[in-house]
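Student: Got a structure for you, questions after.
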Amino acid sequence: MSLDISQFPVLAQANTPNELRQLPQALLPQLADELREFLLKSVGMSSGHFASGLGTVELTVALHYVYNTPFDRLIWDVGHQAYPHKILTGRRDRMHTIRQKNGLHPFPWREESEYDTFSVGHSGTSISAALAMAVAAEKEQAGRKVVAVIGDGAMTGGMVFEAMNHAGDLHNDMLMVLNDNEMSISENVGALNNHLAQLMSGRFYTTIRESSKKVLKGMPVIKEMAKRTEEHLKGMVVPGTLFEELGFNYIGPIDGHDVDALVETLRNMRNLKGPQVLHIMTKKGRGYEPAEKDPIGWHAVPKFDPSLFKKPATKPGLPTFSQVFGKWLCDIAEQDEKVLGITPAMREGSGMVEFSQRFPKQYFDAAIAEQHAVTLGAGFACEGYKPVVAIYSTFLQRGYDQLIHDVALQRLPVLFAIDRGGIVGADGPTHQGAFDLSFMRCIPNMVIMAPSDENECRQMLYTGYCYDAGPSAVRYPRGSATGATQVEAMTALPIGKGVIKRLGKRIALLNFGTTLAAALTAAESLDATVVDMRFVKPLDVDLVKEMAQTHDVLVTVEENAIMGGAGSGVLELLQQLKMPKPVLQIGLPDEFIKHGSPDEVIHDLQLDAEGMLAQINAYLAN
């Protein structure tokens, strides 16, 4: 149910940017307050990304007020912070559906709105897209402006600097708004973040701020900023130095929660020539005390009552697979000080908080830089360490060349703990772990494991730790484990060997991963054999051969793209063995999987027991 818009009298007048631009500027502070309150109540009703959007309310209002969107292009990096943008661009009455099946997309999405000029979800893409749009705008000579909004967390990724370097060289008109809240999903790390953090200290921050104030009062922008920088800050490392060296004109920092200052500054900068950076300081979670105090914990939230100032208590239940991994990592680190945990800025999500606290010298946050994280692991392996790279399936895509060139080619024993394999649900197509089995299976020297439950996950992680002939990967899903009894003792599994879980007749289900429980349920109605294959690569050749010889039909089951996945590996093996056999592949279709709850998505894709049974019966009937 949507909120009663009559409770928000100014916001009610600004359902679109055109309506917003008709408001007198004096009403913008009230509009920002109402927008923040609407966002707070809306996310409380629907769940979703929370703290980031609270921090960009004033910026969103100012951008749509000054720029002629959608004619002028506005690109949001990642998109966590774009909920206010959705509210102001005609989607206010559907905000309660965000991230839900058939509801609003969780991120800016081109198919959803003309105001969403570039579909996003992964970090660091906005500057490249904005540069291309700026070049196109110059070719068209229609007076179109281009703005990219990027957070300080995304500035730790190399793609951003590749794009900025190119933009500085081409020198097209574009604006990059650096939203500096000193907080991405995990604390930012590295020299750049330390550089930005200096803004908050004493004379250094005050001097830059005063220079920017003079710019705001109408002085010739580029000339005056250069003059003040030279006079006051010569010989010091100033915030703008990095951007100036890359060919950008730097303005800031300014208060990102002062909507009037933002409007005036954006007006001043709108017609400046060449690439520009506006550096704004914001607070993630602004306006809601619990989120201000704990922006990481309030990054994304379930449904909650804002008036209670706390998230709903989580019911005691099964551990998540991320927690299973985190516990294993701590257990193995106690035994071996050469175990090193690496994450690309996903400490909380990957279950590594306890490890980072207990073993700080063995913990490495590579920031939002997946390529670097993978090759960092390769370098450690060269020196005899035991690197464990904990990474989401969707983000491993970003380190694919490094996986091939730096790890597998050299047969380096790097263990990849791949979280969020398969359906992740509400974050949609940018985050579904649909492709990892396919893109890893074709890489020589890889060992790929898919546990069916938490105990098997623990043993497979240990197997990967023990394996020193090359890289290995353990791929597990988001969410709660299955409830299997965990065995504390760790035993390395025989490489490339599966286990028969149920003996039946005629039909054999070859299962890869946590779809095992559903496969067993479906098998009861079919009196089918079920095999927990365990290894996607190498396949258990003897077991596949045995199943083909003793059954009429084989069915492969995986929560991965059918094309190139584990089932394709079974078909390739049967071809090599010259054993023609009917094989039904159950998995993800050749399409990007939309958002919805995991259960809804799995049901729609017929990956639950009911759906598997229906697919198998239809195959047998034909």
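If you go along the chain as it appears here, the first residue is 1 and each next one adds 1.
Every residue, even glycine, has its Cβ placed from backbone N, Cα and C.
The shown structure was predicted, so the numbers you read here are calculated from the model rather than taken from an experiment.
Got these off Swiss-Prot a minute ago, pasting:
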type	residues	note
BINDING	H80, G121, H122, S123, G153, A154, N181, Y288, E370	thiamine diphosphate binding site
BINDING	D152, N181	Mg(2+) binding site
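Could you place the listed features in the three-dimensional structure?
Tutor: According to DSSP, G153 (thiamine diphosphate binding site) sits in a coil region rather than a helix or strand.
Reduced to three states, the DSSP call for N181 (thiamine diphosphate binding site) is coil. Every protein chain considered, the tally of other Cβ atoms within 10 Å of the Cβ of N181 (thiamine diphosphate binding site) stands at 23.
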Student: List nothing but the largest Cα to Cα distance in Å, as a whole number, among the residues H80, G121, H122, S123, G153, A154, N181, Y288, E370 that the record says bind thiamine diphosphate.
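Tutor: Taking every pair among H80, G121, H122, S123, G153, A154, N181, Y288, E370, the longest Cα gap is 32 Å.
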Student: C-alpha of H80 (thiamine diphosphate binding site) to C-alpha of D152 (Mg(2+) binding site): distance in Å?
Tutor: 13
Student: Cα of H122 (thiamine diphosphate binding site) to Cα of D152 (Mg(2+) binding site): how many Å, rounded?
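Tutor: Per the Cα atoms, H122 (thiamine diphosphate binding site) and D152 (Mg(2+) binding site) stand 14 Å apart.
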Student: Would you identify which of the binding-site residues D152, E370 has the most other C-beta atoms lying within 10 angstroms of its C-beta?
Tutor: E370
Student: Determine the Cβ neighbour count for H122 (thiamine diphosphate binding site): the number of other Cβ atoms within 10 Å of its Cβ.
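Tutor: I count 20 other Cβ atoms within 10 Å of it.
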Student: Work out the three-state DSSP category of H122 (thiamine diphosphate binding site).
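Tutor: Reduced to three states, the DSSP call for H122 (thiamine diphosphate binding site) is coil.
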Student: So for G153 (thiamine diphosphate binding site), how many other CB atoms are inside 10 Å of its CB?
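Tutor: Cβ-Cβ neighbours of G153 (thiamine diphosphate binding site) within 10 Å number 29.
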Student: For H80 (thiamine diphosphate binding site), just count the other CB atoms lying within 10 A of its CB, please.
Tutor: 27
